[in-house]
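Database features (TrEMBL):
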- 102-256: domain 'Phosphatidic acid phosphatase type 2/haloperoxidase' (DOMAIN)
- 62-84: transmembrane segment (TRANSMEM)
- 210-229: transmembrane segment (TRANSMEM)
- 241-259: transmembrane segment (TRANSMEM)
């Protein structure tokens with residue numbers, strides 16, 4: 001992704017670093033700025049909340065490697081190689097395309113994370129393993145396993161969890177209300193779809209071969225595996241995964257398009273200037289031709305008058 005130098009490069013770098021740091025702080029402390037997570041109720045006969053608790057197939061650490069660290073590392077290596085191949089490493093400004101790609105990727109990552117957090121905190125959807133982890137106690141001291149509450153169509157909003165029965169930690173209880181959208185799906189699809197689209201934009205490696213499309217397909221397959229593992233582990237409902245996947249892929253597409261528009265803007269300005277210059281040149285040539293034609297006609301008229309005068313005098 002190329003760029004247009006409108007500001008001194010170190011100044012632009014400092015501005016971008018400050019803005020990204022601010023966004024990262026906002027994203028990391030989102031719960032402090034947003035209102036508390038919505039506490040939704042449940043029906044005792046809701047079978048979608050009766051799945052057992054399982055550990056994640058894709059751990060948070062593995063997710064960050066697949067969705068952030070590896071795509072970012074690949075982007076840096078790719079842009080660094082392209083810069084080195086052009087021989088543009090003698091000056092600082094020639095390294096800007098590398099940082100330009102990194103800053104757009106990080107901006108999109110933070111933007112995607114903020115959208116995901118807003119959805120989780122606002123919707124407050126219960127996870128499929130809600131009953132297994134919460135073991136809810138109703139106001140009358142009973143539970144959903146009691147005959148009096150089993151099969152009833154009463155929507156229970158006043159309840160308390162009993163972690164002593166399930167062995168749940170405080171973190172597990174807090175995460176019960178943030179099922180929608182899937183954060184794993186969102187992060188994986190953003191990072192890997194961004195990488196796939198960037199490869200498409202760069203038309204690399206081995207332009208004209210199937211290596212590029214194969215790498216893009218591999219990115220999508222990894223993102224898809226991360227997404228479906230959340231349903232397999234009963235961490236999310238299928239609709240949570242679909243929403244998270246669309247959010248991540250959509251954010252990646254929007255960010256890539258924004259980066260392309262920034263890249264094409266200076267080229268468009270140059271094309272307009274060149275078009276205007278060509279038009280002015282053609283107009284000048286046309287005016288010159290017109291003046292030359294008028295001068296030629298004047299000389300021809302003078303010549304004809306001279307011939308008539310000479311014949312008359314003879």
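From the backbone N, Cα and C atoms, a Cβ is placed for every residue, glycine too.
Same-chain residues lying 6 or more positions outside the transmembrane segment (62-84) and placing a CB less than 8 Å from one of its CB atoms are 94-95, 97-98, 101-102, 105-106, 109, 184, 187-188, 190-192, 194-195, 198-199, 202, 204, 219, 222-223, 226. Across the domain 'Phosphatidic acid phosphatase type 2/haloperoxidase' (102-256), the model assigns an average pLDDT of 93.
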